[in-house]
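Worksheet: one structure, shown below.
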């Protein structure tokens, strides 16, 4: 009955309960009206009192069984096993007093029914300790109303028996008046009572047995414990006392309450604001993001203050004014992306003004790599930074100085500590610049083109600003010397010189232009060589003459191992020589100073006796007690003949060693395997180590170097 509110009205389900109530009340009323007055006079006045009490007890239990909540479980709003991805199993097993009891999944109420609970098909609810659905009371009989139903049956049976018995007694007292009205009504009531006594008495007896055994009608009918032990029984007396004397079970459904309407008078009346007056835009996080005022300013001050106090929604982009560190990284990333992907890159100084201080000068802040041939060279060349200014400040992109403090020029800035184990990553073009004595502009161009610092800061710079790509090795532009050198006209490269880090296309173009000039004929008329030795002292020229004498006297060695001094003889063999294993050395690598940064157009003049162009040793003149690092070639390349993997060498005629102005012009040979010069001999040989040479032909001395490198020296 209580569960029927809110559902569709079904008149048919009220027919049984209405008939039962009519028969009960009607028969009892007739009994009291026609039979009880005669019995009170003939038998006892207590007979009507007894029947009245019994009738009230029956009526009370009937009402309680009809209108009381049987113990309905509320339906689950969501599945209990919603965290499971699979469908809930039909049964779950629990153990009660050592006996396994199954709990069935209720698809309607969406939970597992507790033990002794069942879903009523008429009420469409799960009822705790479901017994049966009684149509005569129009309600399910469960844990909460079973007591009243059982008492109703007992009292009704007793009442029927009382009505039938006292009616029969009245008929026997008035057997002569069977045709009378009172006797006829009494006989009719007896027929009704007798008619209902058989089913009611049978039902009462059945429930008495169930209560004594501790079972329900559902368990008895379905035969759940027919062949086993009932875990819910506590004995006959305990079972009866539990049904009749136990406290009522709690109610699981809340009682429906009517909504109370309270009228508030003007002192407590809030101003009504319609949707047309205020437009509120709710963000995803519930914050009021936009208000449009159409009324007065004061009506929205409270709302605005509340929205201002609340935490604002996360912006699509970070607040650069609040997060300084994040602003720095975002500025760097944005500028780098625009400089790499855009056709016309922005000036690099604007990108690096927020960079953390690896270097104190802005001249060292340039892009570490490039994705095209353009890069941002045009912007970087516009910087009015001189070479001398850039040399005063330490730069984490500059080449680490390998010269001791005593041989260091005061104009040079401080460099990083040299690690001999990481010297394999030094650029070979820097050694070429020091070995051949080019003009300062070309030296700095070579240096900026091929310099890769071994310092961890340089590596951190490359990995922080971009990946260490192959293009960044081919055309680097991160050196401040590059900017200063490119500001002036670029001089022609020396004959036979090829940068090891040029692209393949540019190398082929330069090589095609260079081949006609590499003939072993006399030197053509040309501009003064960029390699000038105007300031050479006399004793250096004398040492060159001594070397010529030794070259004439010493026989060539056929299978000699690679000269240790070759590592410092000019330019290293291959760009990949840095990947070859290198040994720590204490040779001229530790004594060589960085490139002198003199103005363009002036020859590089060394401060000490030996010029930079001749400071490297020759093939046969390593310093005693020193060992230079290995090159990227194996010992098998040290024979006179070039190996099969290497192309034929280009022979370049050396200029006369002595000129009227003591000018020494050197031309080195280059291998086509990598386009780099092998070695340039410039120092006197050490004792016990004869140089590599070949027989003289027609006034020209042919000297064989390691790996198939040959020299022709005019005598």
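Glycine is no exception: its Cβ is also placed from the backbone N, Cα and C atoms.
What Swiss-Prot says about this protein:
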- 1-13: topological domain 'Cytoplasmic' (TOPO_DOM)
- 14-34: transmembrane segment (TRANSMEM)
- 35-52: topological domain 'Extracellular' (TOPO_DOM)
- 53-73: transmembrane segment (TRANSMEM)
- 74-148: topological domain 'Cytoplasmic' (TOPO_DOM)
- 91: phosphotyrosine (MOD_RES)
- 134: active site, S-palmitoyl cysteine intermediate (ACT_SITE)
- 149-169: transmembrane segment (TRANSMEM)
- 170-191: topological domain 'Extracellular' (TOPO_DOM)
- 192-212: transmembrane segment (TRANSMEM)
- 213-715: topological domain 'Cytoplasmic' (TOPO_DOM)
- 294: phosphothreonine (MOD_RES)
- 296: phosphoserine (MOD_RES)
- 299: phosphoserine (MOD_RES)
- 303: phosphothreonine (MOD_RES)
- 345: phosphoserine (MOD_RES)
- 348: phosphothreonine (MOD_RES)
- 350: phosphothreonine (MOD_RES)
- 359-373: compositional bias 'Low complexity' (COMPBIAS)
- 398: phosphoserine (MOD_RES)
- 409: phosphoserine (MOD_RES)
- 411: phosphothreonine (MOD_RES)
- 415: phosphoserine (MOD_RES)
- 422-432: compositional bias 'Low complexity' (COMPBIAS)
- 429: phosphoserine (MOD_RES)
- 436: phosphothreonine (MOD_RES)
- 529: phosphoserine (MOD_RES)
- 554: phosphoserine (MOD_RES)
- 581-597: compositional bias 'Low complexity' (COMPBIAS)
- 621: phosphoserine (MOD_RES)
- 659: phosphothreonine (MOD_RES)
- 684: phosphoserine (MOD_RES)
- 694: phosphoserine (MOD_RES)
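Long-range Cβ contacts of the transmembrane segment (149-169) within its own chain (Cβ-Cβ under 8 Å, at least 6 residues beyond either end) map to 24, 27-28, 31, 35-36, 39, 43, 47, 50-51, 54-55, 57-58, 61-62, 64-65, 131, 134, 137, 141, 186-187, 189-190, 193-194, 196-197, 200-201, 203-204, 207, 211, 243-244. No contact links the transmembrane segment (53-73) to the transmembrane segment (192-212), because fewer than 3 Cβ pairs that are 6 or more residues apart lie under 8 A. Per DSSP, the secondary structure of the topological domain 'Extracellular' (170-191) breaks down as 18 helix, 0 strand, 4 coil.
Under DSSP, the residues of the topological domain 'Extracellular' (35-52) split into helix, strand and coil as follows: 15 helix, 0 strand, 3 coil. Comparing the residue listed as 'active site, S-palmitoyl cysteine intermediate' with residue 91 (phosphotyrosine), their Cα atoms are 27 Å apart once rounded. Residues in the topological domain 'Cytoplasmic' (74-148) partition by DSSP class (helix H, G, I; strand E, B; coil) as 3 helix, 28 strand, 44 coil. Note on the topological domain 'Cytoplasmic' (213-715): mean pLDDT across this stretch is 51.
For the topological domain 'Extracellular' (35-52), the list of distant contacts is 28, 159, 162-163, 166-167, 169-170, 173-174, 182, 185-186, 189: same-chain residues at least six beyond its ends, Cβ to Cβ under 8 Å.
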